[in-house]
Ligand code: PEP
Ligand code: MG
């Protein structure tokens, strides 16, 4: 048995057979050819096959994970069909007499290098996509299939030196049980994706995995951070029984929630969600975090009382063209319809820092997490902000919609954001476009500044939702994306907990509700402390709601 201790980033425990996802380029030798015509033909056939695979992957992802995730594969297809990329590969075959595999690897390397030197962080990041595309072409040239065939029909644990969201999505579905990545961070979008898929994930920084782990049995413990390759029978037995009892619990919950027949399931979905209260009757609202319509479905299935954080930026990521007001309205209205009378809190665009969207050009900043992010970006792009606010207000006629502004530091930012909201409503009224006249308006408390002056801010809004991921980052001066300093990114730090308590106290004093929508809200070891502080709402990944409900109901 070989074991590693890593950072648990998505809870649960699973045992399965390892599928090691190697970067194909890393095992690409320089091969020469005499028959350049044959190599060019091979390249063209592989490019066509890769395009067909990407179309299929796009459809699968659209079904399983929504538009924003699926769009990644549309971008990959555009890269694949890029004429410069093709001529570069062709020249390497015809002039340098390289094999098709070597030409693809070299062309991708050159492209990625040029992107890295572009001076734009967003463009540099596209180097990883070029590498993804090259891996795909090389794999096809080597005659390998795309499905996780090496482990047949077995349930897999995906192991890679860096698991990206696109890699995760490629394997998502029934076969994927857990993730082990050699690089990453707890609040990366891969980790958030793992949590929304409800699978355990552990990041073991500093370890380089190779194909020798392929086919081995592996246990991923998303609670302790343990990863065990070829575990002994005793360890495996313990995990199997933990898996069995959690599967039994899940199925018991499922059958009591969804009942057994389709008819009853439909009934369940229109019934109000279960209330959650402590033994003494203190009611805690349980909402879910979502980024897509599929997440909204999962939230309803898990008995969420609403969506406490809709990460609206997911509709912009992976797109080269901005979504129109009509498109955004359609998404928000579809979600509001699914939710019926349940609350639907749309967080306005939080682009910047680690989230860059191709459709929103941004400067290369030395400290993006401290730069043009969220509202700062919206204020600098009035049309962008207004378009989103109009869509939010229009969705307000379909359901119980609220709006939430992220990354607030000062009172003037709330005034400015509310001014935009007022102007958008006035325009809609003049144009006779149906919209909500009054919309519940809240802010995220995710900077120490906002927490400290939350007494002042509370007078201006209807609610607070504490974003503990960023609150931790900004309080402890630790970049949440930097895996090398992950040990300093401690959301349990007393300073963070006290800021939460202070915010909840100010909210209570001003008669507004205060919740938590950052990852810490799902940490059941803190639920009691949060409730004592006055937190009355928790919003977490749908898969975390069962444990939270159980914990709250057990509290005095
Ligand atoms: C947070 O910062 O805690 C939060 C919920 O927002 P995000 O993770 O999307 O930055
Ligand atoms: Mg945040």
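Please read every residue number as a count from 1 along the shown chain.
Backbone N, Cα and C atoms are what each Cβ position is placed from, and that goes for glycine too.
The record from TrEMBL ties 311, 347, 469, 470 to phosphoenolpyruvate, and of the options 373, 480, 498 it ties 480 to that site too. The feature region 'Disordered', as given by TrEMBL for the ranges 207-226, 227-246, 247-266, sits at 247-266. TrEMBL tags one of the stretches 9-36, 37-64 as coiled coil, and that stretch is 37-64.
Averaged across the coiled coil (37-64), pLDDT for the predicted model comes to 84. Across the domain 'Phosphotransferase system enzyme I N-terminal' (5-126), DSSP helix (H, G, I), strand (E, B) and coil residues number 83 helix, 15 strand, 24 coil. Taking a C-beta cut-off of under 8 angstroms and a sequence separation of 6 or more, residue 517 (active site, proton donor) has the following same-chain neighbours: 287, 289, 308, 309, 444, 465, 466, 467, 539, 540.
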